[in-house]
């Protein structure tokens, strides 16, 4: 066999690498990392056929113009790190000038990290208000054995972090649904916050919202001051379901009447649905097991699939 020519080896070295499964965040992004790969591969094949390497340098994978882009990663600087509970953090990122991310409600962005030489990508939903200028904030739960968590835990002020997006989102329109029921487990609270804030910021929006937040214990409820503020509005009700608390006695009295212990089960879902003023449209966000359970319980409570949206 003839040795591969130098030219052939040069081209092979430039061939885009197929993504590994760890690089896909699994959130149905458009374009997905695999779409980006297919496009880069087609570009490489075209350049190779024409023997013109300059065709490859026109598109850069990273952008430095500090604008979020779904096709490529952009670097943003960490401006603050705040620990909310033992494993959950709120990170603030700088945006140049007074620019804004311009996300639609509930949209997520994808983070890229490299851990032990392995590239990992995960999706997170910013919790900052849609019109926030000069910054955006993300709520992240770090897992002991999580690859991405190992990377995130090293962040400090001034570090550059790469994001792309936005993707997904819930096409919220003021007053379209008379009543919303939000079922959120842990950091599943993130996509609910911008929607709640847009409702309370708009005096014309009279949508009634019931948010049910599921957490292990009272200490591990995120963003308590913000949630307490939102609960003061006439059209916002907030309930907590605490799976590891056995009694409500130790809770501040202001939480006792709207908190349940144990898990969010079929019976409790029926009670909450029946307490709504009208049949609600339901938003669900949590682990895949939580999302499946909720869809099942809702069906039993008479809420059909076309009246639910899962983040």
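Each Cβ is built from the backbone N, Cα and C atoms, and glycine gets one as well.
Just so you know, TrEMBL annotations never went through curation; they're auto-generated.
Here TrEMBL flags 1-20 as region 'Disordered'.
Applying DSSP to the domain 'FAD-binding FR-type' (71-173) sorts its residues as follows: 6 helix, 49 strand, 48 coil. Under the heading domain 'FAD-binding FR-type', TrEMBL lists 71-173.
Sequence annotations record features per position, and here TrEMBL assigns FAD binding site to 122, 124, 139, 141, 148, 149.
Note on the region 'Disordered' (1-20): residues 33-34, 37, 40-41, 44, 48, 53, 56, 118-119 of its chain, located 6 or more positions outside it, place their CB under 8 angstroms from a CB of the stretch. Under a cutoff of 8 A between CB atoms, and with a sequence separation of 6+ in the same chain, the neighbours of residue 139 (FAD binding site) are 84, 88, 89, 90, 124, 125, 127, 187, 189, 190, 222, 223. Cβ atoms within 8 Å of the centroid of the Cβ atoms of 122, 124, 139, 141, 148, 149 (the FAD site) belong to the same-chain residues 111, 138, 140, 142, 146, 152, 187, site residues excluded. Counted over all residue pairs in 122, 124, 139, 141, 148, 149, the record's binders of FAD, the longest Cα to Cα distance measures 14 angstrom. Counted within 10 Å of its Cβ, the other Cβ atoms near residue 124 (FAD binding site) come to 23, all protein chains included.
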